[in-house]
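Each remark here refers to the structure printed beneath this line.
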Amino acid sequence: MKNRPPILTTGQMANLLIAVTMGSAIIYIPTPLVGFSGNSAWLSLIGAYGFGVLVLTCTLYLHHRHGGIELIEYCRKLIGGVPTVLVMLPIIVMLLFAISAIVTGIGDFFVSSMMPKTPFYIFCSISLLVSALTARAGIVIAARMFMLLVPVMFIFTLVILLIAFPIYDWGRLLPIPDKGIGDLLHGFFVAAGFPFGEVCLFPILLSYAPKDQAKILYRRLFFAFSLTGATMVAATLCTIVAFGPASGHLSYSLYQLASNIQVNGNNVRIEAIVGIAIIVGSYMKATLYLIALNKLLVRLTRANRSDAYIYPIALLCTMLSLTLFSGPADFQYQVYTIWPFTVIAVGCTFIFILTVLTWIRGGDSNHLRERGT
């Protein structure tokens, strides 16, 4: 007999959405986005947020129309069993890449900024070990932990942005757009794929939501997504007004902000707060993607154990994190060019197609029902 899937509260689901969309992005997105779009980077983020809202709306529409069942179940209902397996293969590859890239990002940050003498593999292996142990404990335990960790990430981020206020020069926001419309659209493309388009992977976790509180759930998810968007825009604006044209050439904007904060003319050296925010955000996102990937594989292979693939996935992603990227430049290219394109072209397009098929099938069903009456 199969166990009932665990049910999370609507607040926990909103918390998970924040962890998935903002997790590592709050640290990694502002600087490269300013490099792509200049002073109009925050406008690119607003447009990308609108695209993300569209994807989230389609996701919640699918969840509502199919009665809250799992993604694979309504895929099988819409396109059949064999096509479902085929279309899930790119999603599996995407999740493998995402987990590996998140862990690589943790290692890159510490090796380049805080602990250069520590071997890179230490950060990758320990990060994935902790994520695997959390995923093994189950989604309920993870959701309860993240109810504490998400506020910690928010508070640390806001503390850095507020304390750095004296170094802001708001005149650096002008002119807009300073690099032209093409670069603004480039920034929109990047941010639409990472982080806002990544909401296309959230349906894998939506089956854990309570089915009898759909309206409350949807409101809280939209609020959580909007909170992510507002925080990302604020972090990007603060990066621009703090460093101006140099913003696009710096690494880890929050870390740079923290290192420039002064009290009475002395640096206060609170960069460790940024390190904690990176660890917390990346750990939560990697754990949730690990849970989602394990769930997909268990459903596709009909494995008896619900946690059958957690440790094998963690081991594989550890090896990928050490071999997938040839260097920092390759990491930047794959994360800020290949990954956004893949998210939009594969993940978001997949959600849009399922939405259209559901709408057509729903329309056909309503038409037949009307004829029958």
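Yeah, the Cβs are placed from backbone N, Cα and C, and that goes for glycine too.
The transmembrane segment annotation in TrEMBL covers 12-29, 41-63, 84-107, 119-139, 146-168, 188-209, 221-244, 272-296, 308-326, 338-360.
Counting Cβ pairs under 8 Å to the transmembrane segment (272-296), the top-ranked stretch among 41-63, 146-168, 221-244, 308-326 is 146-168. Remark: the transmembrane segment (119-139) makes no contact with the transmembrane segment (338-360), by the rule of 3 or more CB pairs under 8 A.
The transmembrane segment (308-326) and the transmembrane segment (12-29) are not in contact, since fewer than 3 Cβ pairs between them lie under 8 Å (pairs 6 or more apart in sequence). Between the transmembrane segment (338-360) and the transmembrane segment (188-209), three or more CB pairs separated by 6 or more residues in sequence fall under 8 Å, so the two stretches touch. With a threshold of 8 Å between CB atoms, the same-chain residues lying at least 6 positions outside the transmembrane segment (188-209) that come near it are 5-8, 10, 13, 16-17, 20-23, 25, 29, 32-33, 36-37, 44-45, 47-49, 51-52, 55-56, 59, 62-63, 68-71, 91, 94-95, 98, 139, 143, 217, 225, 228-229, 232, 288-289, 291-292, 295-296, 335-337, 339-344, 347-348, 350-351.
Scored by C-beta pairs under 8 angstroms, the transmembrane segment (41-63) has its highest count with 221-244, from the stretches 12-29, 146-168, 221-244. Panel annotation: around the transmembrane segment (12-29), residues 52, 102, 105, 109, 143-144, 146-147, 149-150, 153, 157, 191, 194-196, 198-199, 201-202, 205-206, 208-209, 217, 220-221, 223-225, 227-228, 231-232, 235-236, 252-255, 274, 277-278, 281-282, 284-285, 288-289, 335 of the same chain, lying at least six beyond its termini, place a Cβ under 8 Å from a Cβ of the stretch.
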